[in-house]
C-alpha cells in the first residue's frame, strides 16, 4: 500500500506576479524549487493564505535568485500580487519508506529568500 505524504513545501511565499495570459502553471525561483525538492513540471498544490483558495497546477523554473513566484493562466484569477501562498508537492511512499521520510519545508522571508529549511513542522508553532 502506498500513502500520499508531503514531499516538499515552500512556506509563506509572496506572490510577485499574476499573468492571466500565460498558458498555465506557477513560475518559481529555481533556488526555492531545489531547496524544497520540487522539480519543474511537477504537480503542486497551492494554498492562498489571503483568501483561502486551494488549487493545483504544475511548476515552471524561474530565474535563480529572483524570488519570482508568479501564478499563470487561470490560476492568476485566484491570487493577487502580494498574497501569501504555500506551495506543496506530495510523494507516494510505501509504508516501510514512511518512517525514514523527511519532507523539506522551506521557510522564506518577504522577498522569497530562503530563511531556513526544516524537515518537520512543530505543533502549535507559527513559522
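First residue shown is number 1, and so on along the chain.
Placement of Cβ uses the backbone N, Cα and C atoms for every residue, glycine included.
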Matching residue for the substrate site, where Swiss-Prot names 73, 74, 75 - out of 57, 59: 57
Assigned conformation of residue 75 (substrate binding site) - DSSP reduced to three states: helix
CB-centroid shell, 8 A cutoff, substrate site 57, 73, 74, 75, site residues removed: 24, 25, 26, 55, 71, 72, 76, 77, 78
